[in-house]
């Protein structure tokens, strides 16, 4: 085990050579800045002041080459090779309620929702604990580790993931096409979790496989007997995925699902409004002011919706919770 110490003395923890600095800090239940845990966002940047690390992904998009030359690294993409002294660059926004743990699961079933997106149902030996909205790191030996969000309410030892097979994506394609009986998971991770109070209406906005955490959060609210309006905007270019959304969310009178097709070809009968999600929301915006907003999808979608909410409609930043898929 190696000792990790930050220059401001706020972060002091131990890490072994098999753990990233980020995972080790979160296992120690420390407040540490991060978002994607996949090298894309750059939220977990550190400056290495003393010691040596193994950089798992030198070309990670979350870190510019000039920053690497300044001895900066991503905590989610480096492992310690010695005792370290570090400087944490960004300010942490909050603490997750469940420290991540490694555990084994058995693949119970796989159900395709479209040609590209599928649902994996897993079963662990122990109770799987997480907050609705969080994700898990899924390891496929020799191929890599990827982050996938839980798509079910907390339910004993079962866990449901929704995965989108990405062209040339080694992990997602292996999960889609191969018969895999067991999977190693690490989690939960993520700070964009369900925070809605009983007196506040809730709005969920997702694109593609970003639907997964929304299904978890919405169905949790339904199970809890939440009575305020729930509005879901879901965008996809595949009609099969829009149809799947209608079955993934539990039914309740206060739930309104608005599917949006981003493809005219995939919306041949024009069953759904065509365009991007952020282009459809304005016609509903007047009735949504004062809500808590939850966003999940690719960075471009998140940025467009944030602009719509904060700049054009003055929604406070504190009322917007987002998870960007990189």
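Using N, Cα and C of the backbone, Cβ positions are placed for all residues, glycine too.
Computed from a predicted structure; not experimentally measured.
Taken from Swiss-Prot, the feature domain '2Fe-2S ferredoxin-type' covers 1-92. Positions annotated as [2Fe-2S] cluster binding site by Swiss-Prot, on the basis of experimental evidence: 36, 41, 44, 76. Swiss-Prot lists 95-326 with the feature region 'Ferredoxin-reductase'. Swiss-Prot lists 100-195 with the feature domain 'FAD-binding FR-type', giving sequence analysis as the kind of evidence. Residues or ranges marked as FAD binding site by Swiss-Prot: 146, 147, 148, 149, 162, 163, 164, 170, 171, 172.
Separation of the C-alpha atoms of residue 164 (FAD binding site) and residue 76 ([2Fe-2S] cluster binding site): 22 Å, rounded to the nearest whole number.
Between the alpha carbons (Cα) of residue 36 ([2Fe-2S] cluster binding site) and residue 146 (FAD binding site) lies a span of roughly 10 Å. DSSP assignment over the domain '2Fe-2S ferredoxin-type' (1-92) gives 15 helix, 29 strand, 48 coil. DSSP places the residues of the domain 'FAD-binding FR-type' (100-195) in helix, strand and coil in these numbers: 8 helix, 49 strand, 39 coil. Neighbour count (other Cβ atoms within 10 Å of the Cβ, all protein chains): 22 for residue 36 ([2Fe-2S] cluster binding site). For the domain '2Fe-2S ferredoxin-type' (1-92), the model's pLDDT averages out at 94. It is 19 Å from the Cα atom of residue 44 ([2Fe-2S] cluster binding site) to that of residue 148 (FAD binding site). Counting only same-chain residues at least 6 apart in sequence, those with a Cβ under 8 Å from the Cβ of residue 41 ([2Fe-2S] cluster binding site) are 34, 35, 62, 324, 326. In this structure, 171 is the one among the binding-site residues 44, 162, 171 with the smallest number of other Cβ atoms inside 10 Å of its Cβ. Neighbour counts of Cβ atoms within 10 Å were taken for the binding-site residues 146, 164; the minimum is at 146.
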